[in-house]
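I have a structure here, written as structure tokens, and I will follow up with some questions on it.
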């Protein structure tokens with residue numbers, strides 16, 4: 001192992017608060033990098049004189065890159081260790097963010113976004129894996145809930161930050177912010193995070209990793225947990241694939257207005273994760289997932305009903321989506337923990353596979369909704385309802 005990637009002399013993660021600090025930081029980078037570009041998609045469309053579908057690819061290709069990274073990062077973390085994979089991923093993120101800031105064509109920007117996603121994603125599966133390294137099943141669900149609750153503050157603010165930066169300095173400024181964040185995270189992880197990979201994995205070979213991954217894919221309980229979590233995530237990104245254009249282009253509001261409305265969604269998600277962190281141990285993972293799925297279906301159906309109101313208003317979009325986001329806060333951390341608990345010795349591979357399905361389905365949902373080019377909210381609301389029902393059915397089949 002490289003000297004710079006060895007365990008630091010004074011590990012911060014000797015306390016629960018220290019674990020939360022580092023894991024929240026690395027988990028935040030991916031969602032922040034994704035959401036900071038949300039309100040500027042119409043601006044990017046105009047800047048490069050491209051179609052709405054091409055501009056939406058700034059979102060969908062980032063999600064696709066996140067999905068691909070998940071397949072690689074989990075097994076690599078089992079094989080090489082959590083710490084070196086984190087450091088390499090963060091370095092790639094810094095370089096890719098700089099390339100995005102200097103892009104002169106939509107093709108260059110999209111290529112940089114894919115590379116940026118590969119680096120930004122590193123914190124998501126590895127934070128979950130590190131939690132699973134250190135805690136039992138129900139305690140891990142509680143920790144993931146708290147991590148996600150705190151982590152969501154940055155993505156909640158990032159659309160507003162991106163909107164303000166774009167309006168004052170141009171859309172390139174959002175990627176300059178990403179460069180600064182990546183450098184800070186790289187320094188903190190290098191200085192403070194020790195290796196947590198269990199000693200039992202020290203002799204893991206590449207063949208072992210592949211066998212574990214294939215074994216997981218044959219387990220119905222693993223696939224059901226991954227599927228219901230992926231559906232919860234896909235509802236959110238289906239919304240993000242259509243809502244910015246409805247609010248900014250159809251309703252005529254500003255990027256900043258969209259970002260402010262988006263905060264209601266983030267608050268709903270944060271509250272759902274708070275409930276998960278507080279009550280998962282008491283009620284158990286399965287009950288929390290079921291309650292979340294049912295609330296998600298209810299929120300999507302409300303969105304369908306409000307889509308028939310003659311006058312379009314952001315409240316008709318963001319009110320039901322806030323309920324859906326609250327439900328996601330109940331479903332996602334518990335579904336992830338359920339997937340990682342199927343085979344604890346393959347936690348890294350399980351985290352990667354679960355994340356790949358989550359972001360792969362999200363990429364598909366955002367792309368399809370963005371390609372519809374609808375001038376009303378009904379196609380978006382119907383898409384959300386279909387995905388919500390699919391998540392509920394998958395969980396009930398487990």
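Cβ atoms are placed via backbone N, Cα and C, with glycine included.
Pasting the relevant annotations from TrEMBL:
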DOMAIN    19-398  domain 'Major facilitator superfamily (MFS) profile'
TRANSMEM  20-42  transmembrane segment
TRANSMEM  54-73  transmembrane segment
TRANSMEM  85-104  transmembrane segment
TRANSMEM  110-131  transmembrane segment
TRANSMEM  143-163  transmembrane segment
TRANSMEM  169-193  transmembrane segment
TRANSMEM  214-238  transmembrane segment
TRANSMEM  258-276  transmembrane segment
TRANSMEM  288-309  transmembrane segment
TRANSMEM  315-336  transmembrane segment
TRANSMEM  348-370  transmembrane segment
TRANSMEM  376-394  transmembrane segment
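Help me picture these features in the structure, burial and contacts included.
Note on the transmembrane segment (54-73): residues 30, 33-34, 37-38, 41-42, 44-45, 48, 85, 89, 106, 109-110, 113-122, 124-126, 237, 240-241, 348, 351-360, 362-364, 366-367, 370-371 of its chain, located 6 or more positions outside it, place their CB under 8 angstroms from a CB of the stretch.
Long-range contacts of the transmembrane segment (85-104) within the same chain, counting only residues at least 6 positions beyond its ends with a Cβ under 8 Å from a Cβ of the stretch, are 4-5, 26, 29, 33, 69, 73, 76-77, 111-113, 115-116, 118-123, 126, 172-173, 175-176, 178-179, 182-183, 185-186, 189-190, 193.
Within the chain carrying the transmembrane segment (110-131), a Cβ under 8 angstroms from the stretch's Cβ atoms is held by residues 19, 23, 25-30, 33-34, 57-58, 61-66, 68-70, 73-74, 77, 82, 85-86, 88-97, 99-100, 103, 140, 143-144, 147, 175, 178, 182, 185, 196, 336, 340, 347-348, 351-352, 354-355, 359, all 6 or more beyond its ends.
Away from its own ends, the transmembrane segment (169-193) comes close to residues 4, 8, 10-13, 18, 22, 25-26, 29, 32-33, 36-37, 40, 43-44, 47, 82-83, 86-87, 90-91, 93-94, 97-98, 100-103, 112, 116, 119, 123, 161-162 of its chain (Cβ-Cβ under 8 Å, at least six residues beyond either end).
When Cβ-Cβ distances below 8 Å are used as the criterion, the transmembrane segment (258-276) is approached by residues 35, 38-39, 141-142, 144-146, 148-149, 152-153, 155-157, 159-164, 236, 239, 243-244, 247-248, 288, 292, 314, 317-319, 321-330, 333-334 of the same chain, each at least six residues removed from its ends.
Below 8 angstroms of C-beta separation, residues 128, 141, 144-145, 148-149, 225-226, 228-229, 232-233, 235-236, 239, 243, 246-247, 261-262, 264-277, 280, 285, 288-289, 291-296, 298-300, 302-303, 306-307, 309, 351, 354, 377, 380-381, 384, 388, 391 of the same chain, each at least six residues beyond the ends of the transmembrane segment (315-336), sit close to that stretch.
Below 8 angstroms of C-beta separation, residues 52-53, 56-57, 59-61, 63-64, 66-78, 121, 124-126, 128-129, 132, 201, 209, 212-213, 216-217, 222, 225-227, 229-231, 233-242, 245, 335-336, 339-340, 342, 379-380, 383, 387 of the same chain, each at least six residues beyond the ends of the transmembrane segment (348-370), sit close to that stretch.
For the transmembrane segment (376-394), the residues of the chain that approach it from at least six positions outside its boundaries are 224, 227-228, 230-232, 234-235, 238-239, 242-243, 246, 293-294, 296-297, 299-301, 303-304, 306-308, 312, 316-317, 320, 324, 331, 365, 368-369, judged by C-beta separation under 8 angstroms.
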Take the transmembrane segment (214-238) and find every residue of the same chain, 6 or more past its ends, with a Cβ under 8 Å from one of its Cβ atoms.
59, 63, 265, 289, 292-293, 296, 300, 324-325, 327-328, 331-332, 335-336, 338-339, 342-343, 346, 349-350, 353-354, 357-366, 368-369, 380, 383-384, 387-388, 390-392, 394-395, 397-398
Within the domain 'Major facilitator superfamily (MFS) profile' (19-398), what mean pLDDT does the predicted structure show?
86
